[in-house]
């Protein structure tokens, strides 16, 4: 099997795994009697794990272990943990196992990116073509857990633990396949200490003003973006969309198209404009949700347009962000830098977004009694998210001033490395 095919299959299974359990989880936990707060904390597991993931995939992988071997170990461990999590019926039993599972999975996002980056000749041209298979994997998981069982005459498996068991099996599969991936050895031999272990050596990249603005805006954007992941399925179901789990894969279908078109957009418009367009389309998506419902054809169409824009927004911001980080980070810090963005976005940003969204829904947007069949003021919630993103877009447009021909790796000399490792005071 050619290297590109191996990397593409890796991405397919990597994102199939996450999509299989993450989208339908709300339905299963709700049916199992978990409270809204417990469900919120369950979703926050991935964010908590992302905060710690640089320990596993940042500086350790950069210095000591081949990336594909680390991937195999994490996937095998995750398969066992998810299998046992699927057997639980109480929050006390489920939450620790899901958190432990998330600690094995979240590091692999940056890890698979790094494996792909290290084994393609032209990152800006080739990475989107490989990463698009991850989107197809997410779609496949939605179809497998949404439409497919019903098409075959079986009951809907979304509100059951079967998606979690599918996740466990898929994790074991990728664990085996990881041994057939191209060898991606460590690229640095620097001294190892606690600062390096935590990935803090990559923080030196924040001295670059444009990278700092990018990092800060990515952190802020992750908060309102989290509202979509935790609330969209419940919202779409409550306003009348049948089989929302399956229909939400439309966002990934649009992601495929724009992923393949991404090299054209980045070359034609530049990285800054593409990142900005990702923010703008995210705000518009929430705008469509404000007015969407299943009552009329027009308002029903707004729901589907909102779902489709999710793929556009994700591609234009986050996939472009991975490319930008790879361009800015020195070669020996690239895995740590990808882990730093994971820490920023899927970690602290998402965690705060899940908690902020939960508090806002409970304190400000929950109806005492159902209003027109709705238990929450969804329009108010989506308005709040849209305004947040609009403000972030304005900040990014004003303060990020780096043009494409100015994007080069941040220079890190021996003294900088010594400072990050505590050798110079």
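Cβ coordinates are placed from backbone N, Cα and C, and glycine is handled just like the others.
Per Swiss-Prot, the features are:
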- 1-8: topological domain 'Periplasmic' (TOPO_DOM)
- 30-38: topological domain 'Cytoplasmic' (TOPO_DOM)
- 60-63: topological domain 'Periplasmic' (TOPO_DOM)
- 85-90: topological domain 'Cytoplasmic' (TOPO_DOM)
- 112-131: topological domain 'Periplasmic' (TOPO_DOM)
- 153-161: topological domain 'Cytoplasmic' (TOPO_DOM)
- 183-210: topological domain 'Periplasmic' (TOPO_DOM)
- 232-244: topological domain 'Cytoplasmic' (TOPO_DOM)
- 266-287: topological domain 'Periplasmic' (TOPO_DOM)
- 309-339: topological domain 'Cytoplasmic' (TOPO_DOM)
- 361-379: topological domain 'Periplasmic' (TOPO_DOM)
- 401-425: topological domain 'Cytoplasmic' (TOPO_DOM)
- 9-29: transmembrane segment (TRANSMEM)
- 39-59: transmembrane segment (TRANSMEM)
- 64-84: transmembrane segment (TRANSMEM)
- 91-111: transmembrane segment (TRANSMEM)
- 132-152: transmembrane segment (TRANSMEM)
- 162-182: transmembrane segment (TRANSMEM)
- 211-231: transmembrane segment (TRANSMEM)
- 245-265: transmembrane segment (TRANSMEM)
- 288-308: transmembrane segment (TRANSMEM)
- 340-360: transmembrane segment (TRANSMEM)
- 380-400: transmembrane segment (TRANSMEM)
Have the transmembrane segment (9-29) and the transmembrane segment (288-308) got at least three CB pairs under 8 Å, pairs 6 or more apart in sequence?
no
According to DSSP, how is the topological domain 'Cytoplasmic' (85-90) divided among helix, strand and coil residues?
1 helix, 0 strand, 5 coil
Counting Cβ pairs under 8 Å that sit 6 or more residues apart, are there three or more between the transmembrane segment (91-111) and the transmembrane segment (340-360)?
yes
Considering pairs 6 or more residues apart, do the transmembrane segment (132-152) and the transmembrane segment (245-265) have at least three CB pairs under 8 Å?
yes
Summarise the topological domain 'Cytoplasmic' (153-161) as counts of helix, strand and coil residues per DSSP.
0 helix, 0 strand, 9 coil
Looking only at the recorded stretches 64-84, 211-231, 245-265, which one has the largest tally of CB-CB distances under 8 Å to the transmembrane segment (162-182)?
64-84
Excluding the flanking five residues on each side, which residues at least 6 beyond the ends of the topological domain 'Cytoplasmic' (30-38) place their CB within less than 8 Å of a CB in that stretch?
89, 91, 94-95, 159, 358, 361-362
Seg_contact(the transmembrane segment (340-360), the transmembrane segment (211-231)) with at least 3 CB pairs under 8 angstroms, min sep 6:
yes
What stretch of 64-84, 211-231, 245-265, 380-400 shows the most Cβ pairs under 8 Å to the transmembrane segment (288-308)?
245-265
Folded-back contacts onto the topological domain 'Cytoplasmic' (85-90), same chain, C-beta under 8 angstroms, at least six residues removed:
32, 97-98, 101, 161, 164-165, 168
Within the same chain, where does the topological domain 'Cytoplasmic' (232-244) have neighbours whose Cβ lies under 8 angstroms from its own Cβ atoms, ignoring anything closer than 6 residues to its ends? I mean 6 or more beyond.
23-24, 26-27, 146-147, 150, 156, 289, 292-295, 300, 303, 307, 373-376, 378
What average pLDDT does the predicted model assign to the topological domain 'Periplasmic' (361-379)?
81
